[in-house]
Amino acid sequence: MIERGKFRSLTLINWNGFFARTFDLDELVTTLSGGNGAGKSTTMAAFVTALIPDLTLLHFRNTTEAGATSGSRDKGLHGKLKAGVCYSMLDTINSRHQRVVVGVRLQQVAGRDRKVDIKPFAIQGLPMSVQPTQLVTETLNERQARVLPLNELKDKLEAMEGVQFKQFNSITDYHSLMFDLGIIARRLRSASDRSKFYRLIEASLYGGISSAITRSLRDYLLPENSGVRKAFQDMEAALRENRMTLEAIRVTQSDRDLFKHLISEATNYVAADYMRHANERRVHLDKALEFRRELHTSRQQLAAEQYKHVDMARELAEHNGAEGDLEADYQAASDHLNLVQTALRQQEKIERYEADLDELQIRLEEQNEVVAEAIERQEENEARAEAAELEVDELKSQLADYQQALDVQQTRAIQYNQAIAALNRAKELCHLPDLTADSAAEWLETFQAKELEATEKMLSLEQKMSMAQTAHSQFEQAYQLVVAINGPLARNEAWDVARELLREGVDQRHLAEQVQPLRMRLSELEQRLREQQEAERLLADFCKRQGKNFDIDELEALHQELEARIASLSDSVSNAREERMALRQEQEQLQSRIQSLMQRAPVWLAAQNSLNQLSEQCGEEFTSSQDVTEYLQQLLEREREAIVERDEVGARKNAVDEEIERLSQPGGSEDQRLNALAERFGGVLLSEIYDDVSLEDAPYFSALYGPSRHAIVVPDLSQVTEHLEGLTDCPEDLYLIEGDPQSFDDSVFSVDELEKAVVVKIADRQWRYSRFPEVPLFGRAARESRIESLHAEREVLSERFATLSFDVQKTQRLHQAFSRFIGSHLAVAFESDPEAEIRQLNSRRVELERALSNHENDNQQQRIQFEQAKEGVTALNRILPRLNLLADDSLADRVDEIRERLDEAQEAARFVQQFGNQLAKLEPIVSVLQSDPEQFEQLKEDYAYSQQMQRDARQQAFALTEVVQRRAHFSYSDSAEMLSGNSDLNEKLRERLEQAEAERTRAREALRGHAAQLSQYNQVLASLKSSYDTKKELLNDLQRELQDIGVRADSGAEERARIRRDELHAQLSNNRSRRNQLEKALTFCEAEMDNLTRKLRKLERDYFEMREQVVTAKAGWCAVMRMVKDNGVERRLHRRELAYLSADDLRSMSDKALGALRLAVADNEHLRDVLRMSEDPKRPERKIQFFVAVYQHLRERIRQDIIRTDDPVEAIEQMEIELSRLTEELTSREQKLAISSRSVANIIRKTIQREQNRIRMLNQGLQNVSFGQVNSVRLNVNVRETHAMLLDVLSEQHEQHQDLFNSNRLTFSEALAKLYQRLNPQIDMGQRTPQTIGEELLDYRNYLEMEVEVNRGSDGWLRAESGALSTGEAIGTGMSILVMVVQSWEDESRRLRGKDISPCRLLFLDEAARLDARSIATLFELCERLQMQLIIAAPENISPEKGTTYKLVRKVFQNTEHVHVVGLRGFAPQLPETLPGTDEAPSQAS
């Protein structure tokens, strides 16, 4: 790391109070402590004087008059010195460890002005052991010493080996050495720089915030960018000279420029208007045709909308009519649903009562069963009693009739007897006395038939009897059931009525079972009926939409026809879509192709124009790009040859000019350095001595001296030797000849003259042979002769160079034209004519548009037919599945029939529901009604008679059967005597008879007991019947109410009613939705019709206006075309590339040209009047008259002797060839010299940014600096608003102010000043000239505003002003500012001095007692951080803990005052962490 230079000591010699005193300076802080008048300010004044020995600046205010602004005459310095020689010297050591002593010799000048003479000097190479006081003093004895004057000091130092002493005649040189050696931070080139440095030191010395520094911080902190200013000045000077030359050329070209300007602007003015009118005429025709097409299309759209409006209005009326019916149906459905719900609630009540009745019925049946069981037991008891009676009777009969069979013989006898008995019994029983065994078989069949009949009758009566016996108690119950079902009737009718009721019950039950199927069937038929009605509605709607009535049989065929039509239309639509896509694609391709051709057409036309011009210029016809490139190669070869020849001529011309310039030098010196060397050596050039030699002798003397003819003749070569040492600025070979210039001759050489040559014997062993030069240059006469011949040659060369330059320029212009043509137009120049292709494509586009329009119309009709067919098919798809319904004419009748059957079934169901239980109970006991208990005795008698009859018939049949069976027994007559009775059997029968009689007695007693219990059961049964009848009556009332409601309340009735209501609601909602849609569509259609009507009216108006305009403009356009053709200017005016520009662009082009023409013809009365007349937009032919007038005017002014053409354009091109070369050369030179405004802005802005960054880095070093309430110090750098706006305009909006920077009358500085005034008109520039203002604006420092801010207490950041700070705070803040300035100077100067030098850094502070201890500590810390030396002068309040402290006490001894000095090194303990760069020495006394 480079060490920073340091001030080692300050030496005061013969100052007031200090005879010879050296103050060793601390590396950081040196404190001068002492009371008032102790010499602290004198010490600092000596330091400042040695640092800045400028009497115009030195002004020590604390020793001058109080309140004075100018101070005393000596400005405080004269009184600080003693009489005689005084010195102030600074001993320093720089970063290179070089010891340098700088100082001043001061001496009071006698006189009333109290002046002081100052001489600065410097000493280098002084050994470290030599003290400064030893140099400038001489010890006379132990108590006396003498101060050496400056010349003795110089001699003393020169006597010392390695020591260099330099005395300076100017302060600038003194400061330059100090800067180079790293003693001061900035190079002080001028008095202004010294003033700034002194103001810095002065501000440091007296403390506080220096207004002189704060007001001009820019000058202190920002380096001057003089290189930029110098570059601008050189640029402006060169530009000024160049512009003067260009102005001269422009004056020469005035006629040509005027002609060219007039022709170009007149052509632009008239051609733009001509082509605009042509374009407008075409546009108006296209618009008229377009208006007509749109008018036709709008009329068709309006008619279509009107038809659509009528259809939608009709449909809306239909929906409005249907909405009322649907609302009524919906209300009826809602009412029906409410009735169904009421009926269902009634039905629920009925079901509850029926449940109660069922429960009572069950209890009644149970009680009936109990009664029946009791009756059965009663009947059993009766049967048992009767059986006992019968058994008794039978036993009695058996006892009477029974015979006992014996053994086999007895059995035969018995059988015989039995057969006889059987025959007798048969005769008796059958009442057939004539009956025999043989005839018994025939009578058997007869009596068997009787038996069968009697058995059947008996069985019937037995059944009746049995039933009567078992159901005697149920007859009343059955009778009551029949009465309940049928009503009152006679008891004898009960059986027949019951059977009829049972048969009717079966039928009713069968019908009741059909209720659900009938209901489902009815629902199905009703659904089909609704579908039939919907189908009829759809069919009616379909017929209405088709506009024709169709039979049902025709619908399928129509459906197939529509399907076929849809298929064909779909194919047609699909094909039409593809065809339309193909047409549109072709149209888009055509449009794209036309657009690309229209974009290419201007390029192609420009290429054709360029190609025609090239053909006219070179006289060649080009048919392909190969021809152009081949001709360009030939042109390049010609150009190369011409350039080579021109360069050779130019090089020869330059060589001639250089030779003329060299020969024109005074004294014949070809090298200016020889003149300087001759003056330095005190000699004379040899060519000056022989300047008067004649032209004839010139070849001889030139050959005689040979290479030494440019030698210098000096009186004494020995005196030149010391000058030759270290000589570098001289020719490679420098000849010196000793001799007297006043009497010099050629005797110095031994010469032998030969034929046109000489032999010079330079030495015994060295000769030189030189021939006479063909063109001698030795002597003024020879040089003048040579110059004359060179001038003649130069004239020839100049003329040849001009001719060649003209040819090269012409060739280059032609080459440039070819190059431009190749670069810009070659690719398209030989392509086909885009305009012809555009015309073909436009005709094809028109055909496509017409075909597309026809196709759209056809496609629209097909689409309408397709939609209609689709709607028809959709409707038929809904109708065809219902054709069978439509064809079913009996559906309504079947519905009525099923409804009637359902009513019957429901009646039967209600009958079954009402009487089903009674019938079910009646059916098992209906038989009891066959016999009335009141006829039971008769029935018994009938049964007994029938039984007897059956028994008799059986006996008769049995008897006959027995006879028939015993027919063989009649032969056993012999065994009859053997039959006998059996007395034992009779005894057993009697015993059984007694037992049977006892059993009969017991059965009769049981019968009487059970009869009483049966009576109790009958009473319970009667109560249950009463409750049942009451419930039954209530149930009948509810059923009658349900019948009065008139609604079938089955399980699905509510769901069907709700579905019906929801269907009607959905239909009503759909109808309303469709009605709303139709109303909206109708409103939109009406609005669309209104819009179309308004559009139609506007189109009609626009069409008729456009048509009238086209017709009106046609007459004027015909007059214009006739005038153009008559005057032959169509080629100039009909610029086809302008046909592709818009009307606004052409009008703008014409207006711009008109403005330029007004200025161009302002001095020509005739053209001015014609131009004014041509401005009438209603008379376009007058513009043609103006163009013809301009051409005529230019033809009259063409010099036919120079330019042999009748065309002004060709004349201008020929005039331009010669002058353009000079203009291009000077313009290119100007462009090389000129600098753009954007570059200036960038340079200034970059410089500002660099300096702002530098200031920001400086601010970082002061962030932790605090004094009193001041917590931090910073420097704000802002760009002035007015200057920032200037930079923005220069960089971004410079095109708007090119009138200033492109002006030939203004330099760049003046243009910059004018721009500043234009941007800031409110600023008063005073008496300063624009050049001065512009030069100030080129200095970036004038763009910046700088101010110092402090962070003080609770106030935050505020501007640093002395009035806002305490004294100590102002001192600390001012010191911070000064440190920042010093750092800035070092950064600025780093690039100017050596990289290995870091300059000394030292500041002062007088009267430091105004700072508190904390601020003093802050200063110490600042010095440590910045490696800065600080000299503080203060009273006794400074504690010598750090740095070096000198105690100064002024004493008087024997009328002589001197200052007693005691120095102390800091004795404070070293901190644990020291700041970088600090190195405190141990405490010691000095």
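Numbers here mean position along the shown chain, with the first residue as 1.
Cβ coordinates come from backbone N, Cα and C, glycine included.
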Per Swiss-Prot record, range annotated coiled coil [choices 444-480, 666-702, 777-813]: 444-480
Candidates 326-418, 509-603, 977-1115; stretch with most C-beta pairs under 8 Å toward the coiled coil (835-923): 509-603
Contact check, the coiled coil (509-603) vs the coiled coil (977-1115), 3+ Cβ pairs under 8 Å, seq sep 6+: yes
Env. residues of ATP site, Cβ within 8 Å of mean position of G34, G35, N36, G37, A38, G39, K40, S41 Cβ: T42, A1433, L1448, R1450
For K40 (ATP binding site), nearby residues of its own chain (Cβ under 8 Å, 6 or more apart in sequence): L32, S33, G34, D1406, A1433, A1434, L1448
Composition by DSSP (helix, strand, coil) of residues within the region 'Flexible hinge' (666-783): 44 helix, 26 strand, 48 coil
G34 (ATP binding site) in three-state DSSP notation: strand
Around the Cβ of S41 (ATP binding site), the count of other Cβ atoms that are within 10 Å: 22
Collapsed DSSP category at S41 (ATP binding site): helix
Which same-chain residues, if any, lie at least 6 apart from G37 (ATP binding site) yet have Cβ under 8 Å of it: R1450
Other CB atoms within 10 A, centred on G39 (ATP binding site): 28
Listed binding-site residues (G34, G35), ranked by Cβ neighbours within 10 Å, top entry: G34
Chain-internal residues, separated by at least six, CB under 8 A from A38 (ATP binding site): L1448, V1449, R1450, V1459
Taken over the region 'Flexible hinge' (666-783), the model's mean pLDDT: 78
